[in-house]
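Enquirer: Got these off TrEMBL a minute ago, pasting:
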type     : residues : note
COMPBIAS : 223-237  : compositional bias 'Low complexity'
REGION   : 220-249  : region 'Disordered'
REPEAT   : 55-97    : repeat 'WD'
REPEAT   : 282-324  : repeat 'WD'
REPEAT   : 455-497  : repeat 'WD'
REPEAT   : 498-540  : repeat 'WD'
Amino acid sequence: MAKVKQVGLLAAGCQPWNKDVCAASGDRFAYCATLAIYIYQLDQQYNEYKLRSIMSEHKKTITAISWCSDNPDLFASASADNLLIVWNVAEQKAVARLDNTKGVPTSVSWCWNSADGVAFVSQRGPLYIWVYAGRDSGLTVHKEAHSFLSDICLFRWHPTKRGKLVFGHTDGSMSIFQPDSQVGVLRVWNVSRSTPLDSFKLKKTGFHALHVLNSPLNKKAPSFSSNSKSQHTSSTSEAVPPPTLSQNRSFSLPPGHAVCCFMDGGVGLYDMGAKKWDFLRDLGHVETIFDCKFKPDDPNLLATASFDGTIKIWDTNTLTAVNTSPGNEGVVYSLSWAPGDLNCIAGATSRNGAFIWDVRKEKIITRFNEHGKNGIFCISWSHKDSKRIATCSGDGFCIIRTIDGKILHKYKHPAAVFGCDWSQNNKDMIATGCEDKNVRVYYLATSSDQPLKVFTGHLAKVFHVRWSPLREGILCSGSDDGTVRIWDYTQDACINVLIGHTAPVRGLMWNTEVPYLLISGSWDYTIRVWDTRDGTCLDTTYDHGADVYGLTCHQSRPFTMASCSRDSTVRLWSLTPLISSLLLNILTDQPWEKIIGNTDTAMVPGSPPLLCGKVSRDIKQELDKLSLDIRAKRLRWFFECFSPPGGSSNLWDLVSVINGQDDSLLPASYSKGVMHMKHLLKFKTSEAQELTIVKMCKFGGGIGAPSKEERLKEAADIHLRLGQIQRYCELMVELGQWEKALSVAPGVSMKYWKKLMQRRVDQLMAEDNDDAIPYCIATGDTKKLVTFFTGRGQLLEALLIAQGACEGNIRAPQTDVLPSHPVTFDIFLSSLLHKVCQELAEWYFQDGCSVLAACCHLAVDNIKLAMCSLIRGNELELAACVGIVLGEAANQSTEYCLELLARKYMTTPTWYLSADLLQMIPDNCILLAKLCAYYPGSAAEINQLHERCGLPSLEECKALAEEAVCEGDLFSAVQFHLLSSEPENALRIGIDHIKEQLSGSDWTVDSVQPILDLMSYIRTDRLVMVKLTEARSELLILCGYIGGLLAIRRQYSSIVPALYEYTSQLLKRREVCVPLKIEQLSVELDAWRASTQTNSNPPSESALVLCGADYVTGSNLPSHSDVQLSCFTGQRIQGPLFLLEDGKSAISHNDALMWAKVNPFSPLGTGVRINPF
């Protein structure tokens, strides 16, 4: 199982190079970056669009894409290397390829009414038609469509008239839907008219591409219950308004959705009828991202530099862009933040020198042109001396200058210099990587321009160099020879060569806490994690779809890494699984020497990881000052440091609130996340008040800074959702939206509504506007209305009003009526709040954010469900910590969590840590017995573990087993046999008992599962012995069958069919004698399927910890490497996978977790236990 976990993805934007780059069909839409196609699909449950897949087989720029109108699963794409691919979107695989399109296709479109024919055209024609399947397959030329006078940028077939098509040319001719390319105004034209039907000002940046859907997307409609009684109407019945025609249903507009792509890479799906975005993703890099760096004073802000000429800043908590550099700088190869909180970024470009961007002022404040027009490949701002910036270039120079441009040193190299890095321990030392295959170290405190050291050994050019932050004098270099070399400056030698990459190495990153951890990224599309003590590759990730360039982490969050690539994405990773034993040492309250150490101790080969960096030392220092609540603080501070962004700080804030912490101690960031229900009103009101004041964010206006009107509207919406109707009304009045204010004003009081109506009347009458009349009549203000009419000389109207009032037709409305049962109403509101929080939690959970789901439950004090979310998300270490800090209210969940964690660490070399975890559970005798039964050591080692766990020795266990048999204590007999030197005896007794139980009619899952689970802990080396073949087969069958029943109980729907199929196959293939029949299993499975279609009973409160499907972080993130098929379903696995023991078969990590919780044995039927935790 992977040790590096993907936890976040910043998708690419839509490329601006070609025109035919967005498409849509049914409930999906697509756009393409330079090298990959992004497919979004509507999630029917939540009515939102989610990224479903990234398809990337093109090696050159994608030039056009098209969806098949007859088959929504078929999709075509073309690229600059004359390649045309037909994809099956559902299966995410290419089904046909045309390798020579006789020119670069500029537009692609499926042939009219044909799922097998794709047409494409390049420049001035001709139009080619490729039939890729069937008897008539081949490439033909359209008889008439050729020799055009102007280059073609788009073409489309007429949707109803066969054979008719339209071409759009680069000179603007023959375009029916023509977006204005300078300002983002979408115009919808009726070709029988010369003016637009409607215009939508959508965005400040210009349009780049547009695709209009032929029919509205089939979004889930809200369900309304209608009264079945026949309706009679009379003159006094309430008027029933006719159904509102949305504009896309009326005559003015074509069917209503448009996929919009903008010049800044933004992508959106716009509903023209409702005049709103169904999906909008602002910004996004559209080309290779060469570099990424975290802001020194903020671990949540990440800057990226790209081939597209921009630097963008991202919030890693929300995965959204918060700023972009002004203008276009050509190609930006490298970036470096200024130290501390200076809020400046230095950038290096391919032809325009280097620059400093002041993020707060939103402008470029300095430019450096010492390298002329030569490309600058690396820029590095010294973090020991904030006045110095280094650049290295294709001109062979590494230049050190001050920030005001004064050159301090020019170090001449024999060839291009690609990388440089300041020493973390000596402010005057810098290393460079050169095209001549050498690494050089320079010392700035001397006037010499010669290097202090030259390291030779690489067989091709050296690209990046990185000094170790923890080991003085140690640096690494990555080369085009595919290796990473570790150099010791003090020994003048190469001390290790890391071999594994199959292409040039680009990204390099040392971990800032564990001195031996080094991560590298390569043109072979992989990221590798190395143990530099012995050169072992600890893990390899394949999720990027192209060359990996930049790797970075933040010192205060050292186990969260960001990577960037030629695939135009940024991905976030958790490295925490690499140091899992450290987490356990903190969790089990081990002494400091097992958590924090010095680099010499940590660098001993094979020793467990130790923290040696500044953050861990700072935490220890702060803890040493405390006298109260030390354990809770220790757990929180370390786990905040270990956890990736995405809610862990929010979670700990809520835990503190539940534990009674003073509100004044809550951080400023708390109000930006999920808040406890008792704070929601206070903080949101405050936020709304802030929005009514003109106030910019810390970076100034930011991207598309909201106007005053937008801020007031946002504030009004917050007030409305908080039930602060009067404030909402007043803000609506300020915005001139009187109708909205007046429509909800009665919710405040009839008195307020009347007063507001009178204000509106006064305003309209001052403008001499007839709209004042209905308002006066509604409020019964006869006198004012009569005065209004007489003042205008409309005496007849004044007379009519006076008459109506005399007859009682115009009168003031009645006052408010209070609810009769306020207490009952409060209970109703409370249950409604819990329901909404639960729905929001499930939305987060299904989005792969189990930590935020837990926050939603904690917000309403639902500790059980919060723990359940963390356990189902496999955040076991975090769940255990939170449970320990929350105390008694979380005990049941915490114990289950510790049990799962103990199973996770039942492996070499963490057996003793597993025992420590189980000893934290009060009633742990059976759990410790299972651990010792499964332990595979020698007799002496087993006895040692028995002693540690308070259990009898092997020989004593044998005697106790025989004693239990005599006394008829079956469970104890099985337990002690397992703990003895002959554990196979336990199988004979236990299996016979279960078979006897199943032969009767009064057994339950709960009566047989405990013994079955106990027997499953027999040591694997014993279970797989030939003499136990029959017993093993029977044990696997019984575990499979009972596992299937448990899966039904726990609502693990995705694995129920697999468990029944597994049990059936074992029954079919193995000679066994168990009271189960294949036909019986088939009937049970059919009955379960029928019941799931008609019934969805929620789990009982007591079973909540165990119920509901697992969904780990990253399950929703598509990678470019989704090539494994599940051996359960035969379909591609999205998200993390779990490889079975044969090294080939795979299932999703989620399915593996659920399987292991109900049946510990591998789905391959080998008798090996699986450990996906």
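Note that Cβ sites are derived from N, Cα and C of the backbone, with glycine treated the same way.
Owing to the predicted nature of the structure, the values given are computational and were not obtained by experimental measurement.
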Enquirer: Using DSSP, how many residues of the repeat 'WD' (498-540) fall into helix, strand and coil, respectively?
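Expert: For the repeat 'WD' (498-540), the helix, strand and coil counts are 0 helix, 24 strand, 19 coil.
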Enquirer: From the DSSP assignment alone, can you count helix, strand and coil residues within the repeat 'WD' (282-324)?
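Expert: Output for the repeat 'WD' (282-324) reads 0 helix, 26 strand, 17 coil.
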Enquirer: Write out how many residues of the repeat 'WD' (455-497) are helix, how many strand and how many coil, based on DSSP.
Expert: 0 helix, 24 strand, 19 coil
Enquirer: Per DSSP, how many helix, strand and coil residues does the repeat 'WD' (55-97) have?
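Expert: Tallied per class, the repeat 'WD' (55-97) gives 0 helix, 24 strand, 19 coil.
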Enquirer: Mean pLDDT, the repeat 'WD' (498-540)?
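Expert: That region's mean pLDDT is 96.
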